[in-house]
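Peer 1: Next up is a structure, given as structure tokens.
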Amino acid sequence: MKSAVVLLPGLNRDRDMIAALTKISGKPPVTVWQTDTEIPDVDLIAIPGGFSFGDYLRCGAIAARMPVMRAVAEKAAKGVTVIGVCNGFQILVEAGLLPGALMRNTSLKFVCRQIKLEITNANTMFTRRYQPGQVIRSPVAHHDGNYFADAETLARLEGEGQVVFRYAEGTNPNGSINDIAGIINEQGNVLGLMPHPENLIEAAHGGSDGRALFEGALGIAA
């Protein structure tokens with residue numbers, strides 16, 4: 001399975017994502033730069049975490065307006081799988097590929113620790129290797145991960161099963177409404193989440209709870 005990783009100034013988790021995708025798929029992903037207007041034929045596009053363009057204006061606001069994001073949107077519209085992690089999630093929201101907004105953590109502090117995630121919807125390409133209600137571990141590292149959506153949008157997300165990851169009870173690190181940690185679009189091929197599953201894919205790194213997400217997204221057989 002082929003994958004691509006989007007590179008933008010200020011992103012600093014690209015090597016983590018590249019290493020994870022290489023380890024899981026057996027093939028190094030291609031990389032696409034901010035000015036690229038086309039993305040090769042791939043099965044998965046990943047937007048990693050970091051601080052694109054220094055998080056000026058709003059987290060992800062400048063990155064979302066780069067030429068490469070128009071190419072990402074075109075691929076997503078054709079059904080290509082897209083995943084945005086941390087700043088990648090913020091970029092997807094700013095680009096209009098996912099609804100809602102990501103605000104400053106309620107603590108007003110940068111949060112970096114391991115948390116527990118509940119699989120809210122296991123009937124997606126990203127979560128099909130997990131069990132409904134399963135609780136997994138994942139690192140978080142962000143300052144603006146407080147997910148918010150208006151009442152109508154929130155009701156639609158909850159009602160249509162678009163909330164796929166939720167911070168397990170008592171572990172919400174940022175104040176996200178309804179403990180939301182990750183959502184998908186209506187078509188089910190675009191995922192955004194604040195935690196970093198790419199940092200927990202093998203035992204040598206403390207566990208492999210995040211591995212199944214990428215295996216599912218890449219369509220790797222169990």
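Cβ atoms here come from the backbone N, Cα and C positions, even for glycine.
OK, Swiss-Prot features for this one:
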type	residues	note
ACT_SITE	Cys86	active site, nucleophile
ACT_SITE	His196	active site
ACT_SITE	Glu198	active site
DOMAIN	3-222	domain 'Glutamine amidotransferase type-1'
Peer 1: What whole-number Å value do you get for the CA-CA distance of Cys86 (active site, nucleophile) and His196 (active site)?
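Peer 2: One finds 7 Å between the Cα atoms of these residues.
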Peer 1: With an 8 Å cut-off on Cβ-Cβ distance and a minimum sequence separation of at least 6, pull the same-chain contacts of His196 (active site), or say none.
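Peer 2: Counting only residues 6 or more apart in sequence, the Cβ neighbours of His196 (active site) under 8 Å are Arg13, Asp16, Gly49, Val85, Cys86, Ser138, Pro139, Val140, Ala141, Gly210.
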Peer 1: What is the Cβ neighbour count of Cys86 (active site, nucleophile) at a 10 Å cut-off, with all protein chains included?
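Peer 2: For Cys86 (active site, nucleophile), the 10 Å Cβ neighbour count is 29.
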Peer 1: For Glu198 (active site), what is the secondary structure state per DSSP, taken as helix, strand or coil?
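Peer 2: DSSP call for Glu198 (active site): helix.
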Peer 1: Around Glu198 (active site), how many other CB atoms lie within 10 A of its CB?
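Peer 2: I count 29 other Cβ atoms within 10 Å of it.
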